[in-house]
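Sending over a structure as structure tokens; questions will come in a sec.
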Amino acid sequence: MSFLFGSRSSKTFKPKKNIPEGSHQYELLKHAEATLGSGNLRQAVMLPEGEDLNEWIAVNTVDFFNQINMLYGTITEFCTETSCSVMSAGPRYEYHWADGTNIKKPIKCSAPKYIDYLMTWVQDQLDDETLFPSKIGVPFPKNFMSVAKTILKRLFRVYAHIYHQHFDSVMQLQEEAHLNTSFKHFIFFVQVRLSNYSVGVLSLQCILKPPFTHAV
């Protein structure tokens, strides 16, 4: 949410996904921002009374995409093909990319390339009106929850990479409070709204586990 970020965070990695002003989803976003602005993160993730759960998850998924987009946008100059030749959350945790369509077999790639693939893929999902309908009365697909969970699981990996590889840079930019608040909000949302669904690794404990590779 925009109020989380300072002026240095106006840069985004990918174009921001906008929710049309005046739409019901826009009103839900404003409600979420107002609640989050109170400082109560647990309250901020609660489903507003009388609202549809799928629509609430859709609005927040778009917002997390925008938050991570802005956070990563602040450190792209430090995340390069040379400095981050592999997408990882430390030497013991590595991610390979596959989307099941254009790239079916997981490939090893640099962090900036992986995140480019990831954010482009997420953007395509969010722009698909059959998956994320923006018009009132248009139903969400039966597989919506599964799609949202996969998106959030993959977005988590950007947080993990930033924390493990670039937190010093985040601190130099004085953006750590924004990162920490965004990440805490993300974890609360996944735990509460997705019935304790694991985003693959629900905390940065992943970096302490034995070496292994994660795909898709």
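Keep in mind that glycine also has a Cβ here, set from the backbone N, Cα and C atoms.
For Cys79, Cys84, His161, His166, the entry in TrEMBL reads Zn(2+) binding site.
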Around Cys79 (Zn(2+) binding site), how many other CB atoms lie within 10 A of its CB?
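Taking all protein chains shown, Cys79 (Zn(2+) binding site) has 20 Cβ neighbours within 10 Å.
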Given the Zn(2+) site residues Cys79, Cys84, His161, His166, which other residues of that chain have a Cβ within 8 Å of the mean position of their Cβ atoms, reported in sequence order?
Ile75, Phe78, Ser83, Ala111, Pro112, Ile115, Ile162, Gln165
To see if you understand the setup: which same-chain residues, six or more apart in sequence, place their Cβ under 8 Å from that of Cys84 (Zn(2+) binding site)?
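For Cys84 (Zn(2+) binding site), the qualifying residues are Ser110, Ala111, Pro112, His161, Gln165.
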